[in-house]
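A quick write-up on the structure given underneath.
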Amino acid sequence: MATLFIADLHLQTEEPAITAGFLRFLQGEARQADALYILGDLFEAWIGDDDPNPLHQQIASAIKAVVDAGVPCYFIHGNRDFLVGQRFARQSGMLLLAEEERLDLYGREVLIMHGDTLCTDDQNYLAFRAKVHTPWIQRLFLALPLFIRRRIAARMRADSKAANSSKSMDIMDVNPQAVVDVMERHHVQWLIHGHTHRPAVHELQANGQPAWRVVLGAWHSEGSMVKVTPDDVELIHFPF
């Protein structure tokens with residue numbers, strides 16, 4: 001019995017090794033799980049479910065095969081792929097979840113999320129996030145021709161990279177009080193998230209008791225997952 005969590009694969013055609021590693025993961029470890037949760041940034045960018053990128057169809061088919069094998073797959077949007085919609089969800093067999101979800105895993109209450117909303121010290125990012133999550137702005141963007149959406153997405157990624165290069169490492173990490181606040185709001189002692197690309201298990205205090213925050217790593221030269229069993233919560237890195 002095990003439930004698996006992954007995040008921050010940032011799949012793109014320019015990184016075929018990561019795609020190959022993910023496909024092997026779906027054909028192997030994922031098939032043995034009780035469920036698979038993808039906590040955002042599965043893709044480096046997402047400009048709409050109507051994008052005919054062959055990579056998207058390949059990934060949808062691979063995830064659907066896992067679902068068809070009896071392993072439910074769930075998805076929480078990240079800051080790169082927040083426009084993933086119901087069309088792709090149907091193609092892949094995944095169920096789209098809310099930004100914050102509380103799970104009962106073998107008697108252990110666990111909160112899961114992408115993690116970007118915990119970075120409350122980065123006010124510029126939060127302002128940008130609020131803007132691009134505005135429903136009418138999303139509808140307007142998705143109504144644009146694909147070639148224009150690609151240009152906008154490329155410019156946004158370039159601007160984000162430039163902005164992050166001038167930010168301190170601390171400002172791009174989670175705010176400790178934001179972590180405690182969200183755990184106490186959901187009455188949990190465990191939090192699993194991604195986004196920061198700083199894999200670790202942090203011990204803290206929440207709800208007047210010991211608590212743990214497990215941070216998933218990004219997939220670069222190796223894979224990263226959290227494996228929850230009735231007896232343990234493990235942060236695991238593995239070769240592609």
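We number each residue from 1, going along the chain as drawn.
Positions of Cβ are set from backbone N, Cα and C atoms, glycine also.
Among H197, H202, H237, only H197 appears in Swiss-Prot as part of the Mn(2+) 1 site alongside D8, H10, D41. D122 is the residue from D34, D122 that Swiss-Prot records in the substrate site together with N79, R80, S160, N164, K167, H195. Binding of Mn(2+) 2 is attributed by Swiss-Prot to D41, N79, H195, and within the candidate set H114, H220 the record adds H114 to that site.
Not a single one of the binding-site residues D122, S160, N164, K167 has a C-alpha within 10 angstroms of the C-alpha of H195 (Mn(2+) 2 binding site).
Scoring each of the binding-site residues (K167, H195, H197) by how many neighbouring Cβ atoms lie within 10 Å, the top position goes to H195.
Cβ environment of R80 (substrate binding site): H10, G40, D41, F43, E44, A45, W46 lie under 8 Å away, each six or more residues apart in the same chain.
Put simply, H114 (Mn(2+) 2 binding site) is 18 Å from S160 (substrate binding site) when counted between their Cα atoms. Between the C-alpha atoms of N164 (substrate binding site) and D8 (Mn(2+) 1 binding site), the distance comes to 17 Å. Its Cβ taken as reference, S160 (substrate binding site) is surrounded by 14 other Cβ atoms within 10 Å in the chains shown.
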